[in-house]
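Notes follow once the structure below has been shown.
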Amino acid sequence: IVLLMVVTSNADRICTGITSSNSPHVVKTATQGEVNVTGVIPLTTTPTKSHFANLKGTQTRGKLCPNCLNCTDLDVALGRPKCMGTIPSAKASILHEVKPVTSGCFPIMHDRTKIRQLPNLLRGYENIRLSARNVINAETAPGGPYIVGTSGSCPNVTNGKGFFATMAWAVPKNKNKTARNPLTVEVPYICTKGEDQITVWGFHSDNEIQMVTLYGDSKPQKFTSSANGVTTHYVSQIGGFPNQTEDEGLQQSGRIVVDYMVQKPGKTGTIVYQRGVLLPQKVWCASGRSKVIKGSLPLIGEADCLHEKYGGLNKSKPYYTGEHAKAIGNCPIWVKTPLKLANGTKYRPPAKLLKERGFFGAIAG
(Lines of atoms letter the chains of each structure in order from A and count residues from 1; the text may use other names and numbers.)
(Lines give C-alpha, C1' and ligand atoms only; values in the text may rest on other atoms or scores of the structure.)
Protein backbone atom coordinates (compact mmCIF):
# COMPACT_ATOMS: atom_id res chain seq x y z
CA ILE A 1 0.00 0.00 0.00
CA VAL A 2 1.41 3.37 -0.95
CA LEU A 3 0.39 6.49 0.99
CA LEU A 4 0.93 9.72 -0.88
CA MET A 5 0.59 13.00 1.04
CA VAL A 6 0.26 16.25 -0.83
CA VAL A 7 0.36 19.45 1.20
CA THR A 8 -0.67 22.58 -0.64
CA SER A 9 0.26 26.00 0.65
CA ASN A 10 1.46 29.31 -0.59
CA ALA A 11 4.95 27.72 -1.02
CA ASP A 12 3.64 24.82 -3.18
CA ARG A 13 5.37 22.16 -1.07
CA ILE A 14 5.24 18.47 -2.19
CA CYS A 15 5.93 15.50 0.09
CA THR A 16 7.50 12.23 -1.16
CA GLY A 17 5.67 8.89 -0.99
CA ILE A 18 6.26 6.31 1.74
CA THR A 19 5.41 2.59 1.91
CA SER A 20 3.97 0.59 4.77
CA SER A 21 6.63 -2.18 4.40
CA ASN A 22 10.25 -2.61 3.38
CA SER A 23 10.98 -2.40 -0.37
CA PRO A 24 12.59 -5.52 -1.90
CA HIS A 25 13.48 -3.78 -5.17
CA VAL A 26 16.93 -2.39 -5.85
CA VAL A 27 17.93 -0.72 -9.11
CA LYS A 28 21.32 0.55 -10.23
CA THR A 29 21.25 4.09 -11.55
CA ALA A 30 23.81 6.02 -13.55
CA THR A 31 24.10 8.87 -11.04
CA GLN A 32 23.06 7.51 -7.62
CA GLY A 33 24.29 3.90 -7.66
CA GLU A 34 21.97 1.35 -6.03
CA VAL A 35 18.57 2.79 -5.14
CA ASN A 36 15.60 1.14 -3.39
CA VAL A 37 12.32 1.71 -5.23
CA THR A 38 8.75 0.74 -4.53
CA GLY A 39 8.27 -1.21 -7.78
CA VAL A 40 10.09 -2.51 -10.86
CA ILE A 41 9.30 -4.22 -14.16
CA PRO A 42 11.87 -6.91 -15.17
CA LEU A 43 13.12 -6.33 -18.74
CA THR A 44 15.31 -9.44 -19.07
CA THR A 45 14.86 -13.17 -19.14
CA THR A 46 17.38 -16.02 -18.93
CA PRO A 47 16.40 -18.66 -21.51
CA THR A 48 16.64 -22.41 -21.04
CA LYS A 49 17.75 -24.75 -23.81
CA SER A 50 14.94 -26.01 -26.00
CA HIS A 51 14.41 -27.75 -29.34
CA PHE A 52 14.72 -25.79 -32.56
CA ALA A 53 11.51 -24.71 -34.24
CA ASN A 54 10.13 -23.15 -37.38
CA LEU A 55 10.58 -19.39 -37.38
CA LYS A 56 7.22 -17.64 -37.05
CA GLY A 57 6.04 -15.85 -40.16
CA THR A 58 8.56 -17.45 -42.52
CA GLN A 59 9.48 -20.77 -44.09
CA THR A 60 12.28 -22.59 -42.27
CA ARG A 61 14.43 -25.24 -43.96
CA GLY A 62 15.79 -28.16 -41.97
CA LYS A 63 17.12 -30.87 -44.31
CA LEU A 64 17.81 -29.70 -47.85
CA CYS A 65 15.44 -32.37 -49.16
CA PRO A 66 12.92 -33.39 -46.47
CA ASN A 67 11.52 -36.20 -48.61
CA CYS A 68 14.91 -37.75 -49.43
CA LEU A 69 15.10 -40.56 -46.88
CA ASN A 70 18.43 -41.83 -45.54
CA CYS A 71 20.30 -39.05 -47.37
CA THR A 72 22.72 -36.50 -46.00
CA ASP A 73 22.57 -32.95 -47.29
CA LEU A 74 25.82 -33.53 -49.18
CA ASP A 75 24.22 -36.53 -50.91
CA VAL A 76 21.45 -34.20 -52.08
CA ALA A 77 23.87 -31.44 -53.09
CA LEU A 78 25.91 -33.86 -55.24
CA GLY A 79 22.86 -35.54 -56.75
CA ARG A 80 23.38 -39.05 -55.41
CA PRO A 81 21.00 -41.23 -57.48
CA LYS A 82 18.66 -42.17 -54.62
CA CYS A 83 18.70 -38.66 -53.14
CA MET A 84 16.99 -36.65 -55.85
CA GLY A 85 14.10 -34.44 -54.79
CA THR A 86 12.75 -30.93 -54.47
CA ILE A 87 14.45 -28.48 -52.11
CA PRO A 88 11.79 -26.22 -50.54
CA SER A 89 12.16 -22.45 -50.59
CA ALA A 90 13.02 -20.91 -47.22
CA LYS A 91 13.89 -17.56 -45.64
CA ALA A 92 15.71 -19.33 -42.78
CA SER A 93 17.82 -22.51 -42.77
CA ILE A 94 19.19 -24.76 -40.05
CA LEU A 95 22.82 -25.84 -40.35
CA HIS A 96 22.36 -29.24 -38.72
CA GLU A 97 25.37 -31.12 -40.11
CA VAL A 98 28.65 -29.83 -38.72
CA LYS A 99 30.76 -32.10 -40.95
CA PRO A 100 28.51 -33.28 -43.79
CA VAL A 101 29.57 -36.47 -45.56
CA THR A 102 28.10 -38.72 -48.19
CA SER A 103 26.38 -41.78 -46.81
CA GLY A 104 26.28 -44.19 -49.71
CA CYS A 105 28.27 -43.56 -52.87
CA PHE A 106 31.82 -43.38 -54.15
CA PRO A 107 34.50 -42.60 -51.49
CA ILE A 108 35.32 -38.88 -51.53
CA MET A 109 38.52 -37.23 -50.36
CA HIS A 110 36.68 -34.60 -48.32
CA ASP A 111 39.71 -32.83 -46.89
CA ARG A 112 41.32 -31.89 -50.20
CA THR A 113 38.64 -29.41 -51.26
CA LYS A 114 35.89 -27.19 -49.89
CA ILE A 115 33.20 -29.71 -50.87
CA ARG A 116 31.95 -29.97 -47.27
CA GLN A 117 30.86 -26.35 -47.65
CA LEU A 118 28.56 -27.06 -50.60
CA PRO A 119 25.42 -27.88 -48.54
CA ASN A 120 26.01 -24.77 -46.43
CA LEU A 121 26.40 -22.67 -49.58
CA LEU A 122 23.06 -23.96 -50.87
CA ARG A 123 21.38 -23.33 -47.50
CA GLY A 124 22.27 -19.66 -47.85
CA TYR A 125 19.88 -19.29 -50.81
CA GLU A 126 16.12 -18.88 -50.54
CA ASN A 127 15.34 -20.70 -53.81
CA ILE A 128 17.35 -23.70 -55.05
CA ARG A 129 16.66 -25.90 -58.05
CA LEU A 130 18.59 -28.43 -60.11
CA SER A 131 18.77 -27.68 -63.84
CA ALA A 132 16.65 -29.80 -66.15
CA ARG A 133 19.47 -30.27 -68.67
CA ASN A 134 23.19 -30.96 -68.54
CA VAL A 135 25.64 -28.10 -68.87
CA ILE A 136 28.13 -30.15 -70.96
CA ASN A 137 27.83 -33.10 -73.35
CA ALA A 138 30.35 -35.31 -71.57
CA GLU A 139 30.60 -37.93 -74.33
CA THR A 140 31.95 -35.42 -76.87
CA ALA A 141 34.01 -33.20 -74.57
CA PRO A 142 37.62 -32.39 -75.57
CA GLY A 143 39.82 -35.50 -75.41
CA GLY A 144 36.90 -37.79 -76.18
CA PRO A 145 34.96 -39.68 -77.22
CA TYR A 146 34.16 -40.73 -73.67
CA ILE A 147 32.09 -43.42 -72.02
CA VAL A 148 30.14 -42.03 -69.06
CA GLY A 149 31.21 -44.26 -66.20
CA THR A 150 28.96 -45.65 -63.49
CA SER A 151 29.60 -47.51 -60.25
CA GLY A 152 27.90 -50.22 -58.25
CA SER A 153 28.65 -48.04 -55.22
CA CYS A 154 26.14 -45.50 -56.58
CA PRO A 155 23.01 -47.58 -57.22
CA ASN A 156 20.16 -45.81 -58.96
CA VAL A 157 16.46 -46.12 -58.14
CA THR A 158 16.30 -49.51 -59.90
CA ASN A 159 19.45 -50.66 -58.03
CA GLY A 160 21.49 -50.58 -61.23
CA LYS A 161 24.88 -48.89 -61.47
CA GLY A 162 24.74 -45.11 -61.31
CA PHE A 163 26.66 -41.94 -60.49
CA PHE A 164 26.07 -38.44 -59.17
CA ALA A 165 23.63 -36.35 -61.25
CA THR A 166 25.90 -33.31 -61.02
CA MET A 167 28.93 -35.02 -62.64
CA ALA A 168 29.82 -37.37 -65.50
CA TRP A 169 32.71 -39.78 -65.04
CA ALA A 170 34.51 -39.36 -68.38
CA VAL A 171 36.29 -42.63 -69.24
CA PRO A 172 38.02 -42.42 -72.65
CA LYS A 173 36.95 -44.99 -75.23
CA ASN A 174 40.52 -45.10 -76.50
CA LYS A 175 42.50 -45.55 -73.30
CA ASN A 176 45.80 -45.39 -75.20
CA LYS A 177 45.07 -41.82 -76.26
CA THR A 178 46.68 -40.31 -73.18
CA ALA A 179 46.02 -36.70 -72.29
CA ARG A 180 49.62 -35.58 -72.01
CA ASN A 181 48.62 -32.03 -72.84
CA PRO A 182 45.95 -30.34 -70.71
CA LEU A 183 42.50 -30.11 -72.26
CA THR A 184 40.10 -27.21 -71.72
CA VAL A 185 36.32 -27.22 -71.64
CA GLU A 186 34.15 -24.13 -71.24
CA VAL A 187 31.25 -24.36 -68.81
CA PRO A 188 28.39 -22.15 -70.07
CA TYR A 189 25.83 -20.39 -67.89
CA ILE A 190 22.50 -22.20 -68.38
CA CYS A 191 20.30 -20.96 -65.51
CA THR A 192 17.28 -19.09 -66.88
CA LYS A 193 16.19 -16.70 -64.12
CA GLY A 194 19.32 -14.69 -63.39
CA GLU A 195 20.32 -17.01 -60.54
CA ASP A 196 23.79 -17.92 -59.33
CA GLN A 197 24.93 -21.13 -61.01
CA ILE A 198 26.72 -23.61 -58.74
CA THR A 199 28.68 -26.03 -60.93
CA VAL A 200 30.02 -29.25 -59.39
CA TRP A 201 33.01 -31.06 -60.93
CA GLY A 202 35.90 -33.26 -59.85
CA PHE A 203 38.31 -36.03 -60.78
CA HIS A 204 38.95 -39.70 -60.06
CA SER A 205 42.26 -41.31 -59.17
CA ASP A 206 43.28 -44.86 -58.27
CA ASN A 207 46.30 -47.12 -58.02
CA GLU A 208 48.67 -47.44 -60.99
CA ILE A 209 47.10 -50.63 -62.35
CA GLN A 210 43.58 -49.18 -62.34
CA MET A 211 44.78 -45.88 -63.82
CA VAL A 212 46.36 -47.70 -66.76
CA THR A 213 43.27 -49.91 -67.19
CA LEU A 214 40.85 -46.97 -67.21
CA TYR A 215 42.89 -44.16 -68.70
CA GLY A 216 46.05 -45.62 -70.23
CA ASP A 217 48.19 -43.41 -68.00
CA SER A 218 49.47 -44.03 -64.48
CA LYS A 219 51.01 -40.60 -63.90
CA PRO A 220 49.50 -37.95 -61.60
CA GLN A 221 47.02 -35.80 -63.51
CA LYS A 222 46.57 -32.03 -63.29
CA PHE A 223 43.27 -30.14 -63.00
CA THR A 224 42.28 -26.46 -62.80
CA SER A 225 38.93 -24.71 -62.49
CA SER A 226 38.26 -21.01 -62.94
CA ALA A 227 35.07 -18.98 -62.48
CA ASN A 228 34.08 -15.61 -61.07
CA GLY A 229 37.73 -14.65 -60.54
CA VAL A 230 38.52 -17.77 -58.48
CA THR A 231 41.06 -20.29 -59.81
CA THR A 232 41.82 -23.64 -58.14
CA HIS A 233 44.60 -26.12 -59.00
CA TYR A 234 44.86 -29.84 -58.19
CA VAL A 235 47.25 -32.72 -58.84
CA SER A 236 45.81 -36.21 -58.44
CA GLN A 237 47.24 -38.72 -55.98
CA ILE A 238 48.09 -42.10 -57.46
CA GLY A 239 47.61 -45.12 -55.20
CA GLY A 240 48.03 -45.43 -51.49
CA PHE A 241 44.30 -45.80 -50.83
CA PRO A 242 42.97 -48.66 -48.69
CA ASN A 243 39.83 -50.35 -49.96
CA GLN A 244 36.86 -48.42 -48.64
CA THR A 245 33.10 -48.62 -48.70
CA GLU A 246 30.46 -46.04 -47.89
CA ASP A 247 27.14 -47.17 -46.44
CA GLU A 248 27.55 -50.85 -47.37
CA GLY A 249 28.54 -50.02 -50.95
CA LEU A 250 31.10 -51.93 -52.98
CA GLN A 251 34.71 -51.72 -51.88
CA GLN A 252 36.69 -49.17 -53.87
CA SER A 253 40.44 -48.80 -54.25
CA GLY A 254 40.04 -45.38 -55.85
CA ARG A 255 38.90 -41.99 -54.61
CA ILE A 256 37.25 -38.95 -56.11
CA VAL A 257 37.99 -35.33 -55.37
CA VAL A 258 34.96 -33.07 -55.78
CA ASP A 259 34.82 -29.28 -55.93
CA TYR A 260 32.43 -26.61 -57.14
CA MET A 261 32.51 -23.16 -58.68
CA VAL A 262 29.98 -20.33 -58.55
CA GLN A 263 29.11 -18.69 -61.87
CA LYS A 264 27.35 -15.35 -61.91
CA PRO A 265 24.63 -14.66 -64.52
CA GLY A 266 26.00 -14.83 -68.05
CA LYS A 267 29.54 -15.76 -66.97
CA THR A 268 31.40 -18.74 -68.41
CA GLY A 269 33.64 -20.98 -66.32
CA THR A 270 36.52 -23.16 -67.49
CA ILE A 271 37.95 -26.53 -66.46
CA VAL A 272 41.42 -27.62 -67.56
CA TYR A 273 41.92 -31.36 -67.12
CA GLN A 274 43.71 -34.57 -67.97
CA ARG A 275 42.51 -38.14 -67.46
CA GLY A 276 39.98 -39.06 -64.82
CA VAL A 277 37.94 -35.85 -64.97
CA LEU A 278 34.39 -35.75 -63.59
CA LEU A 279 32.76 -33.27 -65.95
CA PRO A 280 29.88 -31.08 -64.72
CA GLN A 281 26.37 -32.14 -65.69
CA LYS A 282 23.28 -30.78 -63.92
CA VAL A 283 23.93 -27.50 -62.10
CA TRP A 284 22.28 -25.78 -59.18
CA CYS A 285 20.44 -22.54 -59.92
CA ALA A 286 20.03 -20.52 -56.73
CA SER A 287 18.59 -17.10 -55.87
CA GLY A 288 17.49 -14.98 -52.91
CA ARG A 289 18.95 -15.13 -49.43
CA SER A 290 18.17 -17.46 -46.54
CA LYS A 291 19.50 -16.72 -43.06
CA VAL A 292 21.53 -19.68 -41.78
CA ILE A 293 22.00 -20.68 -38.15
CA LYS A 294 23.60 -23.72 -36.50
CA GLY A 295 21.00 -25.96 -34.93
CA SER A 296 19.54 -29.43 -34.69
CA LEU A 297 16.59 -31.37 -36.06
CA PRO A 298 13.71 -32.04 -35.90
CA LEU A 299 12.01 -28.65 -35.95
CA ILE A 300 9.13 -28.70 -33.46
CA GLY A 301 6.43 -26.04 -33.43
CA GLU A 302 7.11 -22.34 -33.99
CA ALA A 303 9.21 -19.70 -32.24
CA ASP A 304 9.82 -15.95 -32.48
CA CYS A 305 13.58 -16.44 -32.51
CA LEU A 306 16.14 -19.15 -33.27
CA HIS A 307 19.24 -19.03 -31.07
CA GLU A 308 22.35 -21.18 -31.62
CA LYS A 309 22.69 -22.01 -27.91
CA TYR A 310 19.06 -22.05 -26.71
CA GLY A 311 17.11 -23.24 -29.75
CA GLY A 312 13.64 -21.79 -30.29
CA LEU A 313 12.76 -18.76 -28.15
CA ASN A 314 9.54 -16.84 -27.74
CA LYS A 315 10.14 -13.17 -27.01
CA SER A 316 8.61 -12.51 -23.59
CA LYS A 317 11.04 -9.70 -22.64
CA PRO A 318 13.01 -7.21 -24.76
CA TYR A 319 16.41 -8.37 -23.37
CA TYR A 320 18.03 -11.61 -22.25
CA THR A 321 21.04 -12.68 -20.21
CA GLY A 322 23.07 -15.89 -20.45
CA GLU A 323 25.09 -17.21 -23.37
CA HIS A 324 25.63 -14.78 -26.23
CA ALA A 325 25.43 -16.39 -29.68
CA LYS A 326 24.07 -15.86 -33.18
CA ALA A 327 20.29 -15.56 -33.37
CA ILE A 328 17.79 -14.87 -36.16
CA GLY A 329 14.18 -13.71 -36.13
CA ASN A 330 12.34 -11.46 -33.67
CA CYS A 331 14.89 -11.91 -30.89
CA PRO A 332 15.51 -10.26 -27.51
CA ILE A 333 18.74 -8.26 -27.24
CA TRP A 334 21.61 -9.78 -25.25
CA VAL A 335 22.81 -7.86 -22.19
CA LYS A 336 25.46 -8.80 -19.66
CA THR A 337 23.39 -8.16 -16.51
CA PRO A 338 19.63 -8.05 -15.84
CA LEU A 339 17.80 -4.80 -16.59
CA LYS A 340 14.85 -3.43 -14.61
CA LEU A 341 12.50 -0.54 -15.25
CA ALA A 342 11.51 1.34 -12.09
CA ASN A 343 7.76 1.99 -12.10
CA GLY A 344 7.41 3.22 -8.51
CA THR A 345 8.78 5.97 -6.30
CA LYS A 346 12.11 6.11 -4.56
CA TYR A 347 11.73 4.20 -1.32
CA ARG A 348 11.83 6.17 1.98
CA PRO A 349 11.71 4.24 5.28
CA PRO A 350 8.53 5.15 7.24
CA ALA A 351 10.50 6.14 10.34
CA LYS A 352 12.37 8.93 8.56
CA LEU A 353 11.05 12.44 8.73
CA LEU A 354 9.69 13.67 5.45
CA LYS A 355 11.75 16.49 4.18
CA GLU A 356 9.79 19.31 2.64
CA ARG A 357 11.23 20.91 -0.39
CA GLY A 358 10.16 23.67 -2.75
CA PHE A 359 8.31 22.74 -5.92
CA PHE A 360 11.27 23.16 -8.25
CA GLY A 361 13.55 21.38 -5.80
CA ALA A 362 11.23 18.36 -5.82
CA ILE A 363 11.33 18.20 -9.61
CA ALA A 364 15.12 18.43 -9.65
CA GLY A 365 15.33 15.61 -7.09
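Each position is counted from 1, following the chain as shown.
Including glycine, each Cβ sits where the backbone N, Cα and C put it.
Predicted, not measured: the structure shown is a model, and the values here were computed from it.
Quick look at what Swiss-Prot lists:
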CARBOHYD  N36  N-linked glycosylation site
CARBOHYD  N70  N-linked glycosylation site
CARBOHYD  N156  N-linked glycosylation site
CARBOHYD  N176  N-linked glycosylation site
CARBOHYD  N243  N-linked glycosylation site
CARBOHYD  N314  N-linked glycosylation site
CARBOHYD  N343  N-linked glycosylation site
SIGNAL    1-11  signal peptide
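Projection of Swiss-Prot feature records onto the structure.
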residue	record	Cβ neighbours (10 Å)
N36	N-linked glycosylation site	16
N70	N-linked glycosylation site	10
N156	N-linked glycosylation site	15
N243	N-linked glycosylation site	10
N314	N-linked glycosylation site	16
N343	N-linked glycosylation site	11
Could you tell me the C-alpha distance between N343 (N-linked glycosylation site) and N70 (N-linked glycosylation site) in angstrom, no decimals?
56
Where the distance is taken from Cα to Cα, which of the glycosylation sites N36, N156, N314 turns out closest to N70 (N-linked glycosylation site)?
N156
Look up N343 (N-linked glycosylation site) in the DSSP assignment and report helix, strand or coil.
coil
Just the number: how many Å between the Cα atoms of N314 (N-linked glycosylation site) and N243 (N-linked glycosylation site)?
50
Three states by DSSP: which one describes N70 (N-linked glycosylation site)?
coil
Just the number: how many Å between the Cα atoms of N243 (N-linked glycosylation site) and N156 (N-linked glycosylation site)?
22
